[in-house]
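Q: Could you have a look at this structure, given as structure tokens, before my questions?
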Amino acid sequence: MVFRKLPGVSASGMGLRLSQKFVFLLFLSGLVTLCFGALFFLPDSVRLKRIFLSKNENPAVTVGSDNELSKKVPGDPEHLRAGLKGGEGANVKLKVSRKDERAFKKCLLKPMMKFAWDNYKRYAWGQNELRPLTRNGHIGNMFGGLRGASIVDSLDTLYIMGLMEEYEEAKEWVQNNLNLISNGEASLFEVNIRYVGGLLSAYYLTGAEIFKQKVVELGEKLLPAFNTPTGIPRGVINLGSGTSWSWGWASAGSSILAEFGTLHLEFLHLSQLSGNPLFTEKVMNIRKLLNKIEKPHGLYPNFLSPVSGNWVQHHVSIGGLGDSFYEYLIKSYLMSDKTDQEAKKMYYSAMEAIETNLVQKSPGGLTYVAEWRGGILDHKMGHLACFSGGMIGIGADDGPTEQRQHYLDLAAEITHTCHESYSRSATKLGPEAFRFDAGAEATATRLSDRYYILRPEVIESYMYMWRLTHDPKYREWGWEAVEALEKHCRVDAGFSGIRDVYASTVSHDNMQQSFFLSETLKYLYLLFSDDDLLPLEDWVFNTEAHPLPVIRKTCLQEHGAKHDHGQTDLE
Ligand code: DMJ
């Protein structure tokens with residue numbers, strides 16, 4: 001091959017003089033620096049940036065997958081403990097750059113779940129919940145003869161976190177041991193949110209037929225609870241005989257708003273999966289009655305007679321006894337692909353009544369939602385009521401235009417108040433109920449309200465508020481909760497609730513609630529995940545944090561034809 005000789009370029013050494021070489025090298029190194037520097041200005045989605053800058057930044061976590069960083073963090077809970085308490089793991093933490101900190105935190109949640117799961121498996125396998133101090137199982141009286149509540153409640157969390165070996169064990173247990181032929185007093189509400197919700201989400205996430213088969217069979221066993229003069233179900237049912245009755249403690253044989261009002265999401269999906277419209281008909285009948293009945297000041301009292309269909313007592317609360325009824329109104333609307341106008345209307349009018357009658361500002365400037373007893377306010381907010389920050393947040397966007405920002409602000413204020421209930425305690429965990437009277441501001445005044453049983457509601461609101469605003473404070477608050485859980489609730493054989501959040505030397509209650517695995521750890525994991533892990537546009541979480549897919553409108557609906565709920569396509 002003949003090289004043409006360029007002017008001024010000798011054949012040897014490309015013919016460059018020393019000064020020319022120097023200028024050329026300078027130019028070359030400038031070019032390289034410029035190209036590399038430009039990578040930093042590329043948008044996140046550009047593949048090159050992901051490849052060049054950091055393998056671990058923004059790890060692509062998809063449902064059921066693992067990610068790079070998680071492989072660097074051993075599943076050994078001791079490692080996590082050390083990481084949080086400044087031991088060996090703390091060094092690992094130091095080596096992690098700021099950019100990776102969020103992903104690192106997310107990865108630490110996986111060993112927490114594994115630790116809770118492994119101990120349940122070791123000491124309480126097949127029973128409902130783990131007693132971590134005495135290292136045995138707990139059956140309780142909420143699920144009738146049903147067993148394995150922690151297993152069914154954990155299926156989706158294990159799957160989402162990519163703990164696949166554990167998920168397979170759980171699935172195998174459901175296949176071989178979840179016995180639905182059972183006698184005993186079961187709470188319709190608890191069986192629905194934990195078992196029906198848990199099996200539904202496991203089915204939708206994995207497509208494993210066994211979950212569908214079990215959930216439809218279980219759903220059918222719940223139907224006799226609706227055989228009342230009004231169709232409002234009673235709270236307790238014997239899954240074997242189908243007889244049902246009201247809770248002994250519920251005023252005059254009444255049914256509880258948060259119980260009969262927290263069936264809608266699951267029952268619509270039961271119709272969807274089984275093709276049996278009965279499930280939908282049952283919950284639509286509840287809706288019809290609630291719409292018809294007169295509401296004091298637009299509020300929904302917590303007790304209703306399943307015989308007469310009248311309110312029994314005028315106690316209104318967005319916390320215990322009322323809470324998830326409101327949650328299911330807005331979520332029914334969202335899960336229907338925003339077609340369920342009736343649910344939307346009911347939700348926003350209920351919100352208006354709640355704001356007018358219950359929302360208060362403390363002397364110290366904290367917004368809270370009080371309880372209402374026949375017109376008299378009780379200036380107390382339960383831990384359970386703290387879910388409302390998230391609920392009001394997810395409902396903000398579909399409210400009346402002039403109210404949208406207001407709802408988002410209200411959601412942020414309530415979440416802030418709930419965070420205060422945590423940060424004002426010695427353990428940095430929140431009490432079961434806190435008050436705003438007699439000089440109290442977001443603190444428990446009664447001894448009996450000082451406990452914390454691993455509840456998720458405050459963290460749930462952090463997760464929603466993070467997704468809605470991306471304000472970093474929600475992740476900071478979530479991390480404070482992780483540190484507090486590690487410090488005060490982790491014991492040698494699992495996680496336990498504590499009896500007094502204000503005592504720096506804690507006393508444990510010996511109970512690892514199944515909702516800790518299903519909700520608390522899942523919401524924390526989602527808080528530190530990217531928004532595309534279970535995006536809120538596609539999934540709605542039931543009140544036990546089990547994700548259910550949005551039921552998409554059919555072509556017919558989109559073009560104006562009316563369609564019954566529960567008859568839509570998922571595709
Ligand atoms: C869970 O079972 C559900 O979140 C329910 O709606 C309320 N109570 C617990 C958690 O605190």
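Placement of Cβ uses the backbone N, Cα and C atoms for every residue, glycine included.
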Q: If you have TrEMBL open, could you say which of C386, C489 makes the disulfide with C418?
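A: Between C418 and one of C386, C489, TrEMBL records a disulfide, namely with C386.
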Q: Sort out for me which one of D323, E432 has the most neighbouring CB atoms within 10 A, since those are the active-site residues we care about.
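A: For the active-site residues D323, E432, the Cβ with the most other Cβ atoms within 10 Å is D323.
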Q: Could you give the Cα-Cα distance between C386 (disulfide bond) and T543 (Ca(2+) binding site), in whole Å?
A: 13
Q: Using Cα coordinates, what distance in whole Å links D323 (active site) and E457 (active site)?
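A: Spelling it out, the Cα of D323 (active site) and the Cα of E457 (active site) are 11 Å apart.
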Q: Taking Cα atoms as reference points, rank the recorded positions C418, E432, T543 by distance from E190 (active site, proton donor) and give the first.
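A: That would be T543, the closest of C418, E432, T543 to E190 (active site, proton donor).
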Q: Of C386, E432, T543, the recorded positions listed, which put a C-beta under 6 Å from ligand 1? Please answer none if none do.
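A: T543, in sequence order.
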